[in-house]
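Here's the structure, in structure tokens; my notes come after.
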Amino acid sequence: SSLAGFGPFGEHAVNASWIAVQELEKLGLRDDVDLHVYEVPVEYQTVQRLIPALWKKHSPQLVVHVGVSGMATTVTLEKCGHNVGYKGLDNCRFCPGSQCCVEGGPESIDSIIDMDTVCRRVSALGLDVTVTISKDAGRYLCDFTYYTSLYQSRGRSAFVHVPPLGKPYSAEQLGRALQAIIEEMLDVLEHSEDKINCQHEH
């Protein structure tokens, strides 16, 4: 399993997503999970290079991206990534001329992880963090990265948006929430694959 948080951008001199990911790294995941953590620069062209390179290097079971949203007040599980509508300039003052991730790619791609199930299960754990679902990751670097990753992985990616630190959650709370979310995601993924394998055998 690979995990990618984002670096600083705009008013986010300290990116809550990277802090939360580092916190999760301290906590760790269950023993059979090999966790690789990366900080992703808020740059379209770097993302287009980096994502395929990460998949090639690790062939992960799942990549989970974590990004900060100044508008978020909950930890938000993103269901899908969008291909078109990228007009916001990145940290290099660049935006794709085509305003899209993959020319000719589908308009949106859903994660193969059932986010409703993950949300329900994590909420049932009684953590002090509210988890919600979204279908719009915002048409900036988060959404761009998610789509690029979903396209690359045929859906074996997930995206989690976190609020800025202290609004309302601490780094520790976000780290624990990510730990619970990713363990549930892996569980959901493994069970859906068991089902697929069973169907193949009959």
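Each Cβ is built from the backbone N, Cα and C atoms, and glycine gets one as well.
Because TrEMBL annotations are produced automatically, they should be read as predictions rather than curated entries.
Under the heading active site, TrEMBL lists E78 (among others).
Residues or ranges marked as active site by TrEMBL: C142 (among others). For C142 (active site), the number of other Cβ atoms no farther than 10 Å from its own Cβ, over all displayed protein chains, is 24.
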Checklist outcome for this item: The rounded CA-CA distance in Å from C142 (active site) to E78 (active site) is 10
